[in-house]
């Protein structure tokens with residue numbers, strides 16, 4: 001090796017400068033730093049079982065925005081983001097040979113098989129070329145080394161036990177500062193063009209004014225969102241009351257898309273939250289933001305513990321279920337044409353915007369697995385393709401819960417679509433927003449159009465089976481809620497400041513999915 005020491009920082013799901021241990025370490029151990037992002041062709045193939053587009057249009061748009069944002073940030077630091085199209089192990093090998101001065105390749109560790117395979121190949125290349133590898137852990141709130149379990153095999157199989165253990169026995173590490181000026185790139189390195197959606201064989205999705213997530217990717221956007229949600233609007237102080245909303249941008253933090261790509265770190269959110277609590281107010285809502293970050297941690301550590309069981313049809317319990325693979329039913333579900341308006345509204349929102357509320361995700365997952373009995377991996381792969389905030393551990397972990405084969409001690413939790421619709425969209429405004437063919441059905445009747453008289457349907461310009469589907473299934477337990485519908489009255493899902501309104505009697509219901517013993521959700 002000749003010349004000054006050069007470190008390649010291989011970036012993947014850590015697209016930020018603030019609280020990024022890769023840059024913090026490289027700044028102290030190199031004379032030149034090469035921030036590198038590879039558009040890995042394996043990310044743009046089909047999903048494993050059902051060959052859906054692995055990186056769909058919304059996630060790709062958000063990724064491209066995040067890459068452009070990081071390049072701008074690094075240019076302001078006297079550096080740049082080097083972009084290449086190709087497999088990381090091949091790109092890294094090529095750069096090592098080209099530069100001749102690379103001492104170390106550094107990257108943040110991931111936990112699931114595809115990412116681990118890339119890490120192994122990069123390590124193999126580095127060993128062959130006599131270059132060191134430095135890895136760090138930066139994706140969770142609590143660092144892996146600070147967990148109060150001597151080995152990951154001791155990770156509790158119940159979230160509450162995990163949460164109580166880390167809250168009482170572990171600490172969140174401080175945020176690592178951004179360097180004032182990053183060490184420069186070596187001479188003569190082409191920056192590389194950031195590809196377009198078309199280059200990666202995707203279409204640029206159209207913006208929709210109804211979207212609950214009209215935000216852009218990138219660290220600067222993530223920091224601006226936190227400032228808005230915490231300091232500008234104080235929305236965080238009512239998060240627990242609004243988080244089950246359906247309409248609008250501010251019913252929940254919306255941090256998840258930026259967290260998924262590492263545009264913001266969970267530690268930064270945590271310490272900002274603590275600062276907010278000391279300077280403004282500390283209540284159940286501010287705590288609940290941390291509670292949700294801990295769920296994200298938990299799913300990641302569960303993935304470490306269980307490995308590929310996360311993706312296997314029998315799940316973490318190794319439990320055989322006779323899942324159906326009816327593509328007609330699956331198409332109806334993913335296109336929002338099941339004839340069950342609350343399901344259809346959520347699925348159309350996802351297909352149109354790449355986003356869906358937490359409440360919606362729980363319901364449509366329950367509908368696919370429990371009402372339709374379809375292979376849960378169909379749903380997981382559809383979410384993987386479309387969700388702008390797809391996080392492999394959280395997505396597959398949540399689908400295992402829905403399917404009743406996760407590490408949850410309770411089984412057969414099934415959501416009642418009609419009750420859920422009436423609880424969280426009591427006046428039907430959300431359904432009418434996303435299912436315009438039902439716009440003329442007033443009030444809560446919009447949740448069950450098949451129960452209306454032919455005169456009422458005719459008056460609303462609805463013809464079941466023609467303008468809107470007849471339901472592909474009607475579960476027997478729905479009937480007891482159909483007879484108790486409110487008649488058009490009730491709170492709108494739009495609250496005072498725009499976020500969806502959660503009826504008072506349901507404000508503490510958001511985590512029922514995980515904790516309630518009630519089978520009547």
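Residue positions begin at 1 at the first shown residue.
Using the three backbone atoms N, Cα and C, a Cβ is placed for every residue, glycine included.
Segment annotation: TrEMBL labels region 'Disordered' over residues 170-189 (candidates 170-189, 190-209, 210-229).
Annotated by TrEMBL as region 'Disordered', the relevant range among 436-478, 479-521 is 479-521. For the region 'Disordered' (170-189), DSSP puts the residue distribution at 0 helix, 0 strand, 20 coil.
Its Cβ taken as reference, residue 254 (FAD binding site) is surrounded by 20 other Cβ atoms within 10 Å in the chains shown. When the binding-site residues 239, 295, 298 are compared by the number of other CB atoms within 10 angstroms of each CB, 295 has the fewest. Helix, strand and coil content of the domain 'Photolyase/cryptochrome alpha/beta' (5-141), in residues and according to DSSP, is 61 helix, 32 strand, 44 coil. Long-range C-beta contacts of residue 390 (FAD binding site), restricted to its own chain and to partners at least six residues apart, with a cutoff below 8 Å, comprise 59, 260, 383, 384. Counting every protein chain shown, 21 other Cβ atoms lie within 10 Å of the Cβ of residue 292 (FAD binding site).
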